[in-house]
């Protein structure tokens, strides 16, 4: 079990779906940051269940308590502990799976690894854990905002419905205007209907989230193993249900020639070094180059469906698993703030690490930027 | 800069493309492993330049010296230091880029971050660094082999040429039969010709490598943040030129319904819990489930091409960068052992971490597996 | 700020003296451990304030809540979050130091590092944080007890009053019989009186705690940098007010010749390799040798005294700091369980790390032990 | 085995006493540092064997090669690999201990943990490994020197011969004037003679090294677990033969009252906040306060003596171990640069970590310092 992430801005999440609470401890948040409670709650609200009929109907207020690390409205450089009480557990919905393994859930692997599991609502493997990430990510966003960094994710695909436009042709301010979180309202409407139909059939469907990050200066990211995009990839892949990650030109870039793919440099009118194209996705050699960073994350259809499925029980005997509980037919609308939160956690850690790497830089070198 | 990877089986690589040597220190390899020098050299030979006319013509023997950690042919539990001397540097080929930024290389970002860079052959950002990973990965493979784990990668796509067969329909023993490392000899022939033509035009092209891992028991992988596939993703994305990673059903799985995607459990004739399908790619909830683990990694076309390109110099002035040096027109054939090495490093670390997680497991629980 | 400790059995503590709560998240505790709530509470009670008139009169129940990681009375391999509500804060006692630096406290250095501080009761720098360590250490003790490891600390010195007997001549079962936690009842009586007189004068006094650990097999500890005694030393020095650490022969051993100091090996009647003397303190080359591990930890007199002292305020102006608040005149009686807790956290981490180091050990090698 | 140290300025050492080479990889050294080869060699020379008749007569040039990380005489932010070839191994001197455990050496514990060991010259447990630390520490010193930090260690005790003066009454510029490295020439003479007599008897003797660090600003150190003195303690205790560590008032401070021990603050003529006394040893709450940091490290008599000793062999049978090989009768003279090196590695890491902690500090807060 590693429920910790980060080198300098370290988070430790805890909590099971149906335990008393979930939460997170942030160790390494610099002092002096105005702790904007309202903003953090706003981020949690974007993720919380029950937002529309295409999300799970579990009713969680997802209000958080600050146990430490904030004084006079400011961070103190000390660990910030945030907890969110679980209020609407219906653990009895899960009694039937105490002895069964739900297909494509983590029931079997947790049992294999740990010899037991808290089966209620998926226990620790539940996506409920991501609420803690969103809370921590909101703090990271506050710090990044001070440095001009903006992170915006949106739904670009649901099932086979693809938004085939680059982010540069979209108005990302519209993302939050609809429950699907797709900035194209037409496509959002189609997606909503598609998810809703899937829900009615007791089935689930996958999707893709795109994310765009602006305002990151050249120089963030730590080669060789902790390349900026490698950490982003790990962070995204650590989110429940994620099956793939690509940045910049991604899998499609494979089919380009180098002469097409290379991003030529030029100096803009302000004297800043820029690239004419951005197949690199804002990252070269694992380090940000000052252009927009963008990436895509693929989510599988959620495993819980309202249909009977064949499986085995803890003794290996065949059983039929029936769908119960309250679940999302498609996770991507609620996963948008999670993607943003994880991106924020990666970036803030890289910002702090880069700060340390700059010790001893002379003025001349700093001027280069 | 973070040139270290791993929690318990920790590696630190070092070295620049045109410095005296590259190498790696492995800290945490258990004692008592027979150190098979020949096998390690064999792995290095699979990656080394000059294997055919579609790879770079740099001539490096890539022979390694063992400086520590091995005694009487066995590992001692102490750090294993391996170095590979650089012998065929032609640093003069690089004088022209001392003051220029090659498009889509790491020249600019290193300069921005560090204020200077060893421009000769790309310095630290050169893919030459991956030889150290292959050496360390070979040691990891030796340890994994003792536990029955086998890792096999192969080229599945070059440019638009795709091998549209699942790994289960391929004979992976044929991968090493051709210089492209594609187990389908017809496709391998087409790919070879395509790469060769691209090379003749002074251009480069991308590709995809698939990897299949068998023999991993249920239980490896550390949720929440260090999920097995998240670590695999990070490891792959840390390889030069990689733009994307997907495992199991990946991006395509997005379009499936949950009722199609879910892997139903059954008990096989030996009493082992298995899944009928494997969209999960052998991993559920970040933990291996005993099925084959498989994933795909996308490589962009290499940035160095033998054509003139627009760029800027360190003063931001426009320049024309000419292609010089010796480079691969397509990296995937030589990247196959690198993908395997990184996968091995992830798995061996997870194996050791899982060992620690089993402390206190009762016999009954162990029997479950 | 690093409020995390441990490689595999990782803890993160949080909380300020006068905030809503303090607590700890344990990430990496193996599954299947019976979670003995009563024992954990018992350990907290040994540390809690108000035990006798020679300890602070702050009234804290120090009862803890389990927020996660335990199900059906057993650990699940998932993070265990424990919190302790603060109930008896008298923050108004601290208003006067909001703008002043108390001599030999952390007021000034926190202000220098973080630009602000939660001055109420010392905020994060308060020894109240150690309650979280004791709770985590109790869990570690439970796991160690399963493996036969016992950790016993006691007060061996208060001011100039020294218990000049080796632990082998003491009955450590008597330690908890008196409020000083000195296993020699005569000496305990003298110490009690001495502390009480010091308290009446509004002053404070230092002390030494000895710790003895039995049941650790040969082989725990990770050379080179994470030697078992180096980690023990770090752990002890991380406790508030600690100024020194020595193990085995310690500072006194400096004056011995090698011929006197060396611990000769012999094989005992059971076939076990033993040493005739134990100047090594149970550790050779950073690895346990199977003998008892013992060490000593020096605590300075606590900085808070009920006397006027010269100091400066946050503007650097001279002020007189008056002693207020409720404090221990001598910390060592209450620090005994803290020393034990930190020792337990070190040992359990080393036990898990050693487990991973044993992968691939052949039967023959295992038999050696 | 953990042969790595540091969070941001990370070192990994490798190598056995009689293997081909020892060395170190430094990952995280900032770019732009002038790499002063001569200074690094000078530091290695201070540690190298054969300096006088009271040190081992092994002849090692201890010259180092730079394999990576330095270009045009400057660090590049990339890993710096340094190796030192072993040249004067007399492995045949060690054949007799292949099957025996030398008393108070690490022979037995390595065998117990790893199932085998490189017995030649102590293998990995040899103090020869510390040469790699000295090389890395020299790089750390170069970086610290840029920030005005100076680290000076000296021998303050050999056997019962104690230099009973505080460092403030010594001229530390005289330390290197004599082979004992004691800044008091009279005492140095006595110590030399004492060590030499011990040597002639084939025995060994312990000693103490004091260390004084000036120029560290207020604010370095990371509470709670990574307190500056806790990291210094761990670093010192990780050096071969160390049995104890104390800082500031140390063990003696235990006997003082708080009213005597507390360091009162005042503002000096330059407006800097200072303390009138320095029992705190320059550290309060784990964070530097701007005063001199000082600490003491106790070294046991080295285990190798030229006398017969009782022991057992690998089969547990009684044997007589004879003293052979070339060893120091007292390690402290050569350990002075090792203490300094480890202190430098701790401080440089804390400097970098503090840099990251300052992100977002406003000017006003920075002015406070």
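Our numbering is plain: 1 for the first residue shown, then up by one each step along the chain.
Each residue, glycine too, has its Cβ placed from N, Cα and C.
Quantities reported herein were computed from a predicted structural model and do not represent experimental measurements.
Feature annotations, courtesy of TrEMBL:
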| type | residues | note |
| --- | --- | --- |
| BINDING | D:47, D:53 | NADP(+) binding site |
| BINDING | D:124, D:125, D:126, D:240, D:241, D:285, D:300, D:301, D:302, D:303, D:304, D:326 | FMN binding site |
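Structure with TrEMBL features highlighted.
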| residue | record | DSSP (3 states) |
| --- | --- | --- |
| D:47 | NADP(+) binding site | helix |
| D:53 | NADP(+) binding site | coil |
| D:124 | FMN binding site | helix |
| D:241 | FMN binding site | coil |
| D:300 | FMN binding site | coil |
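For the binding-site residues listed here (D:241, D:302), the lowest count of other CB atoms within 10 A around the CB belongs to D:241. Annotation for residue D:47 (NADP(+) binding site): spatial neighbours D:62, D:130, D:131, D:134, D:334, D:337, D:338, criterion Cβ-Cβ under 8 Å with sequence separation of six or more. Cβ neighbours of residue D:300 (FMN binding site) (same chain, under 8 Å, six or more residues apart in sequence): D:104, D:206, D:241, D:242, D:243. A count of other CB atoms within 10 A of each Cβ picks out D:124 as the most crowded of the binding-site residues D:53, D:124. Take the CB of residue D:126 (FMN binding site) and look out to 10 A: across all protein chains shown you find 21 other CB atoms. Candidate binding-site residues D:47, D:53, D:126, D:241 yield none lying near chain C, with Cβ-Cβ distance under 8 angstroms.
Checking the binding-site residues D:124, D:126, D:300, D:302 against chain B with a Cβ-Cβ cut-off under 8 Å leaves D:124.
In this structure the C-alpha atoms belonging to residue D:53 (NADP(+) binding site) and residue D:302 (FMN binding site) are separated by 16 Å. Neighbour density for residue D:304 (FMN binding site): within 10 A of its CB lie 24 other CB atoms from the protein chains shown.
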